[in-house]
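First the structure, in the form of structure tokens, and then the observations on it.
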Amino acid sequence: MLGIWIVAFLFFGTSRGKEVCYERLGCFKDGLPWTRTFSTELVGLPWSPEKINTRFLLYTIHNPNAYQEISAVNSSTIQASYFGTDKITRINIAGWKTDGKWQRDMCNVLLQLEDINCINLDWINGSREYIHAVNNLRVVGAEVAYFIDVLMKKFEYSPSKVHLIGHSLGAHLAGEAGSRIPGLGRITGLDPAGPFFHNTPKEVRLDPSDANFVDVIHTNAARILFELGVGTIDACGHLDFYPNGGKHMPGCEDLITPLLKFNFNAYKKEMASFFDCNHARSYQFYAESILNPDAFIAYPCRSYTSFKAGNCFFCSKEGCPTMGHFADRFHFKNMKTNGSHYFLNTGSLSPFARWRHKLSVKLSGSEVTQGTVFLRVGGAVRKTGEFAIVSGKLEPGMTYTKLIDADVNVGNITSVQFIWKKHLFEDSQNKLGAEMVINTSGKYGYKSTFCSQDIMGPNILQNLKPC
């Protein structure tokens, strides 16, 4: 896989100044703005619609397992299908060289939640090679726009009810379609492709003007390929989400180990796995969010470094957005500001969602001791595991704070448990307790306080009560 990307950067030789026109779709040039930067030096003319053979495959609650192929060229196929003109339409758009499995999985999950028109776009004939796919996505984007235009004119269907979900090159393809349809409802970019799109004009790539609301999930972002990323680091939506920093996802292969062992065959295999894993996380996160409306809360921050340092655990009274399907519920979703970068952490395996808590504990006791303090928070049904809050010198009267990412959503906090464990060579008989614990969590930053007057020996559980 890496070789394809490198060839894409190094290959030159396409002539300039040509134009091709296709009935229904209009004309396409190979000049500006597609030749404005080095990263688009390979631009050429897109293939004909007949050669690409874009297909629209409809799934609904009436046919969740077997698609109906519908066509704007023959609108009677739409009329004869289960397409509902009173329903929202979500179109899943794959990127380069994709077999369509994630699209089918996406429709399957969406239809568990909603009675919608779920359409998978098949343009595999035009996307088997990356360089051709970059050029062909303009024609395919025009095909999507033509499809929506037919819905508008023949079925009085509002473009505001259309949501395009595009992965990799499919994100920019969605942007091309949106730029042709004023009032398009929403575009979700899933790790938009970087090569040939980094630092390009907005006419070339996905940007906030392409729909009423554009949200983006970055999972393998880089400024250049050799940063080991095939997505773009650039913000290109109203809300841009950078889970785990947006570059390398936990659970994806480590490239360093085989390289240090000089096992280059293993390294080549790991490289392909690395790109595929990180790039795919974007649609995996989105799919998981569909049935978890309270998951993937994200926080505004200048950088992931600052987020990890605990400097960005703040939501305004309007709350923080959630990454994924329910991002459009965010109050400020249409405001493109400098604060549109949002960060969060995920797990390394599915279920990926994590719920962030800020835990502050004030210790009580008589003497300083050496050990580790653990807290566990619980709701009406579930509890988190134990989280280490502080380790080392434990001083009564001091307050210690830690941000933790829980793998369960406990909802409203109803209980807090405290336990401390002394260090191996600590032989004192000291007792410690949690005088007060403050938990801050949720998209609105809810605070809850728990208290106790007890002090306990090591390894003895202390239960705190609301106060």
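Cβ from N, Cα, C; glycine included.
The disulfide bond recorded by Swiss-Prot for CYS277 reaches one of CYS252, CYS301; that cysteine is CYS252. Looking up ASN125, ASN412 in Swiss-Prot shows the N-linked glycosylation site annotation sitting on ASN125. Cross-referencing ASN74, ASN338 with Swiss-Prot, the residue annotated as N-linked glycosylation site turns out to be ASN74. Reviewing CYS27, CYS107, the cysteine that Swiss-Prot connects to CYS118 via a disulfide bond turns out to be CYS107. All chains included, 20 other C-beta atoms sit within 10 angstroms of the C-beta of CYS312 (disulfide bond). Working note on the disulfide-bonded residues CYS27, CYS107: by count of other C-beta atoms within 10 Å of each C-beta, CYS107 ranks first. Checking each of the recorded positions CYS27, CYS252, HIS279 against CYS118 (disulfide bond) by C-alpha distance, the shortest gap belongs to HIS279. Rounded to a whole value, the Cα-Cα separation of CYS320 (disulfide bond) and ASN125 (N-linked glycosylation site) is 41 Å. Counting in whole angstrom, CYS301 (disulfide bond) lies 23 from HIS279 (active site, charge relay system) by their C-alpha atoms. Scoring each of the disulfide-bonded residues (CYS118, CYS252, CYS320, CYS467) by how many neighbouring Cβ atoms lie within 10 Å, the top position goes to CYS118. Mean model confidence of the domain 'PLAT' (355-467) amounts to 93 (pLDDT, 0 to 100 scale). Residues in the domain 'PLAT' (355-467) partition by DSSP class (helix H, G, I; strand E, B; coil) as 0 helix, 68 strand, 45 coil.
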